[in-house]
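A.B. asks: Shown below is the structure under consideration.
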């Protein structure tokens, strides 16, 4: 053994002794090289994300204009985690969560941890405590724009507080990012959009909270309404585009189109018809949709209703779509497979 190798081995032993086993290793020795994910609640979004859902142990930013469906997207993720037996938390800085709507999306509100903090510092400290516990699979913060620093709340209405929120987010994310990775918690930050003053060329839109969240996020999703979905003169929902503007775990810039129906959330039937037609799993002839020898209905809304009533056919089409995109047919196991080890790593 060379002197260099002996010196390296000694340094590695010293690091492990000081910081604990697993604090340094060769990349190929990592026990889990494949990215563990949780389904997003939308098949189209799972495909657009490229890995079959939201990656565990990462920060996700979901932003867009008002009433575009950002909270709906986050609530679907919570419902998926709960269905797999995981623990979810919702930090409602906007004080606007509708429990009835959440329940309709499949969220178990009896088990959902909810916090409605008074200040931005309080919200982020609660998020950090939940992440460091190693027992929470997903934490949603709604929204970054509503994380008001304590100094601003205690000050007068006309006081200037330049850069306070950006500094708060930067400090919080520096502390949170390592703990999120070790505990394999998914942290979803919902954000609004603002317009920069005096921008003549390029996109004037930006997100509040400074640049830190843009850097620390592994995935950034832009949610925008594309068009209204009508039945006669009644508006039933919106066709919504979700663009993956940043992705560190798969190629970015893919787009998912989903129907967000009022009072129902993302329409699984709608996206299965759209994806199925795109992949030629579902055949479209004129206005008629059919699958193999089975006619699904005339017009998209009738085909959606048919799939809603015939779950067996819906599942068969869904299975073929998942197979095409290479998505797991089953969900990922809850994050804490070895809670003791995760807790030990968090406390070193």
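Glycine is no exception: its Cβ is also placed from the backbone N, Cα and C atoms.
Annotations per Swiss-Prot:
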type	residues	note
BINDING	64, 65, 66, 67, 68, 69, 70, 71	ATP binding site
COMPBIAS	336-348	compositional bias 'Acidic residues'
REGION	328-348	region 'Disordered'
A.B. asks: Give me the count of other Cβ atoms within 10 A of the Cβ belonging to residue 67 (ATP binding site).
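C.D. replies: There are 11 of them.
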A.B. asks: If you skip the near sequence neighbours and keep only those at least six away, which residues in the chain come within under 8 angstroms of residue 69 (ATP binding site), Cβ to Cβ?
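C.D. replies: Non-local contacts for residue 69 (ATP binding site): 223, 225, 238, 240, 260.
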A.B. asks: Just to verify: the residue among 64, 65 with the fewest other Cβ atoms within 10 Å, which of the binding-site residues is it?
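C.D. replies: Candidates: the binding-site residues 64, 65. Fewest Cβ atoms within 10 Å: 65.
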A.B. asks: Taking the recorded ATP site as 64, 65, 66, 67, 68, 69, 70, 71, identify the other residues of that chain whose CB atom sits within 8 Å of the mean position of the site's CB atoms, giving them in sequence order.
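C.D. replies: Apart from 64, 65, 66, 67, 68, 69, 70, 71, the close residues are 223, 224, 225.
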A.B. asks: Taking DSSP three-state, what's residue 64 (ATP binding site) in: helix, strand or coil?
C.D. replies: coil
A.B. asks: For residue 71 (ATP binding site), what is the secondary structure by DSSP, using just helix, strand and coil?
C.D. replies: helix
A.B. asks: For each of the binding-site residues (66, 70), count the other CB atoms lying within 10 A of its CB, then report the residue with the highest count.
C.D. replies: 70
A.B. asks: Let me know how many other Cβ atoms fall within 10 Å of the Cβ of residue 71 (ATP binding site).
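C.D. replies: So the Cβ neighbour count for residue 71 (ATP binding site) comes to 24.
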A.B. asks: For residue 68 (ATP binding site), which residues of its chain lie six or more apart in sequence with Cβ-Cβ distance below 8 Å?
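C.D. replies: Listed in sequence order: 223, 224, 225, 240.
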